[in-house]
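Here the structure comes first, spelled out in structure tokens, and everything after it is commentary.
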Amino acid sequence: MKDELNKVVVYTDGACSGNPGPGGWGAVLLFDNGEKTICGGHPNTTNNRMELTAVVQALKFLDVTYVIDLYTDSVYVKSGITSWIKKWKINGWRTADKLPVKNLELWLELDKIVKYHKITWYWVKAHSGNLYNEKADMLARSQIVK
């Protein structure tokens with residue numbers, strides 16, 4: 001009988017004070033046997049970079065292949081990984097406006113990491129009372145160095 005893959009639910013968020021400015025990211029990983037939180041920050045960044053970093057760091061934390069339900073409140077992240085990235089690759093990592101894709105190194109890293117997992121991507125409305133999205137937001141905000 002085939003082994004069933006490990007499952008995890010992940011909530012990520014990024015925050016920035018000013019854009020650009022100091023920022024933070026946070027992730028809540030919900031395993032069958034408990035919860036793990038991770039977070040970090042950067043002194044000069046953007047909100048989109050922190051949103052993307054949260055997802056990359058959460059996926060890098062996982063040391064084996066998982067079936068993942070991943071929740072983000074970032075349309076940039078969800079649309080980027082589920083839709084835009086296909087065209088960016090075809091266009092030599094350029095946007096529809098022929099401009100270089102911003103945060104390219106993070107998109108390249110995410111593109112590589114997602115191949116190791118079976119991820120279903122979800123968008124969740126920010127600040128709408130979702131417990132784990134709020135927790136990820138709190139973690140991200142806690143890392144903003146002022």
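Using the three backbone atoms N, Cα and C, a Cβ is placed for every residue, glycine included.
Over in Swiss-Prot, the protein carries these features:
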DOMAIN    4-145  domain 'RNase H type-1'
BINDING   D13, E51, D73  Mg(2+) 1 binding site
BINDING   D13, D137  Mg(2+) 2 binding site
The correct DSSP tally for the domain 'RNase H type-1' (4-145) reads 56 helix, 49 strand, 37 coil
For Mg(2+) 1, residues beyond D13, E51, D73 with C-beta within 8 angstroms of the site's Cβ centre include exactly T12, G14, A15, M50, A54, T72, S74, V77, A126, N133, A136, D137, A140
Any same-chain residues 6+ apart from E51 (Mg(2+) 1 binding site) with CB under 8 Å of its CB? Would you list them in sequence order, or say none?
T12, D13, G14, W25, T72, S74, Y76, V77
From the Cα of D73 (Mg(2+) 1 binding site) across to the Cα of D137 (Mg(2+) 2 binding site), what is the distance in angstrom?
10
If you count Cβ atoms within 10 Å of each one, which of the binding-site residues D13, D73, D137 comes out on top?
D13
